[in-house]
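Structure first, commentary second.
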Amino acid sequence: MDMLIYLAPICALIGLIFAGISYKNVQNEGAGNDLIKKITASIHGGAMVYLNRQYRAIAVFVVFLAIIIALILPNGALTAACFVFGAVLSATAGYAGMLTATIANGRTTNAATRGIGPAFRVSFASGTVMGMSVVGLGLFGLSLSFIILESVYTDLDLLTIVNIVAGFSLGASSIALFARVGGGIFTKAADVGADLVGKVEAGIPEDDPRNPAVIADNVGDNVGDIAGMGADLYESYVGSILATMLLAASTAATTFPNIPVENVILVPLIISAIGILASIVGTFFVRTNKTESSAIHMAFNMGLIAAIILTVIASYFVTSMLLGEYGLNVFFATVAGLVAGFLIGQITEHYTSYDRKPTLRVANSCQTGSATNIITGFAKGMESTLWPVVIISIAIYIAFQLSGLYGIAIAAVGMLATLGISLSVDAYGPVADNAGGIAEMSHQKEEVRQITDTLDAVGNTTAAIGKGFAIGSAALTALALFASYGIAVGLSAIDVMNPNVFIGLTIGAMLPYLFSSMTILAVGNAAGEVVVEVRRQFREIAGLMEGKADPDYGKCIAISTHSALKEMIPPGLLAVIAPLLVGLVLGPGALGGLLAGSVASGFMIAITMSNAGGAWDNAKKYIELGNFGGKGSDAHKAGVTGDTVGDPFKDTAGPAINILIKLMSIVAVVFAPLFM
């Protein structure tokens, strides 16, 4: 173990170096003409101002919670240090992704003047910075924390050391929740405000420079889908590895007799390290010069499949070497997670792509008005829970039968092992979306806009797939953390006949609904302020509609920023306070019930909201292609309404529930000593 464990931070550093190379490649691309540079600078400036203000606000929470951890927990000072370290690295990953995306958008537009190949290369290189930064910083921080604690504090046993390292995961979760909620509120407030007044009331196209909220809308794409998604999956990535290490330290003696505990702890770290290398190799398979969206999809799938195959092959040798006779069982549990993640992505694509039946049915319903569109879309969202639940259930069953609770955790590690490339694919989308907006605002030729539209259309699908993947990985990670909590407090089962446990179960099932309500209302409040401001500018700025005067873009950015930072606090506090209160007042069994209830209901709500929102979005896009009357028709107006309702579903509430269930689970794990 002494030498092999260093493979984790070494591979993590290789991932970070690759991210740095990708950043330089993006930076070396031409930035375009003066107008492209001006628009890019506005988006970049707005995004970085928001991110800096958000991180300053979160820093207050991090410092406060770190002090509490240091004062009340055993080994509190060390746990608090890991907590702060995890938070800082999560913020760093978000900063790197945002910085790159907001310089890559204009460069992608400029590259599109040379063809789809150069534009695709720039946008994907930007996504690679986010993907490799997340896995590199996550694995580096987690493995380094473990190595330092094991080397310096030799009097501590392995279980105690891993429990201290759990603070790192709590830090990641804390940043993730605020980044996801705050980013989701910002992006959808700007998006809804821009669409309602611009498209519906003023009748101007999307990304029209006359719209005062258009820059805020483009800033929001980066805030929500780069920093927010990155923090979400960083949390899942770190949480799955940490949960597996915890279960290894606590159950290895019974699950894997005669195998050194150190070997069992090493497995998730080494599989994740190999996944980074496989993801880097996979990026070299993502190449295309064809203009069809199907060719771009194929390029992405080639990269993902290559990374998965390499990870599967390497995982076989790792598990066989470290776990001996038990290696094959753990290997198949890992594969179960990998396959489940891939299949959930395919199911998500089926329900949200406009060339598949569910979304086509939603688009068709727009012909009879907004109400039937909302009804059909919501029904399809609920229907879409079936197969993800079946897939996750089968993966859990297989993993548990093969390797017990450790198998479930290693399945989550397997699902996230190739996160480096899957997040790179996901983070490409907002860059392509921004590039299309910049092409529109800078009055590029029609063929340039066609290229950016093609890239954007693929980006919409990859974003939907990414959300499905994030939900599935969140469910497995939360379950693994829940198992770790159960072992820590001595829960062998959740006894629903116990009144306290049943109370905890019902509270847990309710929390995702309350949380969703808070975040959706926050979007509504913030969007209302943006709508009022956009209407004011159209009314008061002479010559704005005629294109003779410029709008005040900064005002809408300022409103969205202020609203997001103000509204993200109550949901964030709920996720931390609820498990602590239930655990302290009703006991560890009730808290176990709360975690079980929140995972079960949260998984369903997140899938429903994400897929319903994705279907409404792409149903509108299908109509905009000229179907059912095209743009400006009654069907299109109904489609815009559905898309507007779906925006906070798929980009705010749904994704944030992932973090809610994971954060409550890691809070329970870290503060478990208080409940015993």
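Including glycine, each Cβ sits where the backbone N, Cα and C put it.
The transmembrane segment annotation in Swiss-Prot covers 3-23 (among others) and is backed by sequence analysis.
Long-range contacts of the transmembrane segment (58-78) within the same chain, counting only residues at least 6 positions beyond its ends with a Cβ under 8 Å from a Cβ of the stretch, are 84, 87, 91, 149, 153, 156, 160, 163-164, 167, 171, 174-175, 178-179, 572, 576, 670-671, 673-674. Feature annotation from Swiss-Prot assigns transmembrane segment to 58-78 (among others).
Sequence-distant contacts of the transmembrane segment (83-103), counting only residues of its own chain at least 6 positions beyond either end whose CB sits under 8 Å from a CB of the stretch, comprise 19, 22-23, 26-27, 31, 40, 43-44, 47-48, 51, 55, 58, 62, 65-66, 69, 126, 129-130, 133-134, 137-138, 140-142, 145, 167-172, 174-176, 179, 222-223, 226-227, 230-231, 234-235, 238, 427, 430-431, 434, 670. Marked as transmembrane segment by Swiss-Prot: 83-103 (among others).
What Swiss-Prot records for 129-149 (among others) is transmembrane segment.
Neighbour list (Arg180 (site 'Important for ion transport'), Cβ cut-off 8 Å, at least 6 residues apart, same chain): Gly228, Met229, Ala231, Asp232, Pro655, Ala656, Asn658, Ile659. Annotation comment: Swiss-Prot describes Arg180 (among others) as site 'Important for ion transport', evidence class similarity to another entry.
Residues annotated as substrate binding site in Swiss-Prot: Lys188, Lys650. Sequence-distant neighbours of Lys188 (substrate binding site): residues of the same chain at least 6 apart with a C-beta under 8 Å from its C-beta are Gly220, Gly224, Val523, Ala526, Ala527, Asp647, Pro648, Asp651, Thr652.
Residues annotated as Mg(2+) 2 binding site in Swiss-Prot, with similarity to another entry given as evidence: Asn218, Asp221, Asp433. Counting every protein chain shown, the Cβ of Asn218 (Mg(2+) 2 binding site) has 33 other Cβ atoms within 10 Å. According to DSSP, Asn218 (Mg(2+) 2 binding site) sits within a helical segment.
Look at Swiss-Prot and you will find Asp225 (among others) tagged as site 'Important for ion transport', backed by similarity to another entry. Cβ environment of Asp225 (site 'Important for ion transport'): Gly183, Thr187, Asp426, Ala427, Gly429, Pro430, Ala463, Asp651 lie under 8 Å away, each six or more residues apart in the same chain.
Marked as site 'Important for ion transport' by Swiss-Prot: Asp232 (among others).
As annotated by Swiss-Prot, transmembrane segment applies to 241-261 (among others).
Swiss-Prot lists 265-285 (among others) with the feature transmembrane segment.
The transmembrane segment annotation in Swiss-Prot covers 390-410 (among others). With a threshold of 8 Å between CB atoms, the same-chain residues lying at least 6 positions outside the transmembrane segment (390-410) that come near it are 240, 243-244, 247-248, 251-252, 255-256, 264, 267-268, 271, 326, 329-330, 332-334, 336-337, 339-340, 343-344, 347, 472, 475-476, 479-480, 483-484, 487, 603.
Among the features that Swiss-Prot reports, transmembrane segment is placed at 411-431 (among others).
Using a 10 Å Cβ-Cβ cutoff, Ala463 (site 'Important for potassium dependence') registers 27 neighbours. Per Swiss-Prot, site 'Important for potassium dependence' is recorded for Ala463, and the stated evidence type is similarity to another entry.
The transmembrane segment annotation in Swiss-Prot covers 469-489 (among others), and the record cites sequence analysis as its basis.
The transmembrane segment annotation in Swiss-Prot covers 572-592 (among others), and the record cites sequence analysis as its basis.
The two recorded residues Lys650 (substrate binding site) and Asp221 (Mg(2+) 2 binding site) have their Cα atoms spaced 13 Å from each other. For the recorded positions given as Lys650, Lys662, the lowest number of other CB atoms within 10 Å of the residue's CB is seen at Lys650.
Within 10 Å of the Cβ of Asp221 (Mg(2+) 2 binding site) there are 28 other Cβ atoms, across all protein chains.
Cβ neighbour density within 10 Å is lowest for Asp433 among the recorded positions Asp232, Asp433, Asp651.
For Lys662 (site 'Important for ion transport'), the nearest neighbour among the binding-site residues Asn218, Asp221, Asp433, judged by Cα separation, is Asp221. Excluding Asn218, Asp221, Asp433, which define the Mg(2+) 2 site, the same chain contributes Ile43, Asn105, Asp217, Val219, Gly220, Asn222, Asp225, Pro430, Asn434, Gly436, Gly437 within 8 Å (Cβ to the Cβ centroid), listed in sequence order. The transmembrane segment (469-489) is in contact with the transmembrane segment (656-676), judged by 3+ CB-CB distances under 8 Å for residue pairs 6 or more apart in sequence. Long-range contacts of the transmembrane segment (129-149) within the same chain: residues 5-6, 8-9, 11-16, 18-19, 22-23, 26, 78, 82, 85-86, 89-90, 92-93, 96-97, 100-101, 156, 161-162, 164-165, 168-169, 172, 226, 230, 233-234, 237-238, 241-242, 245, 269, 272-273, 275-276, 279-280, 419-427, each at least 6 residues beyond the stretch ends and with a Cβ under 8 Å from a Cβ of the stretch.
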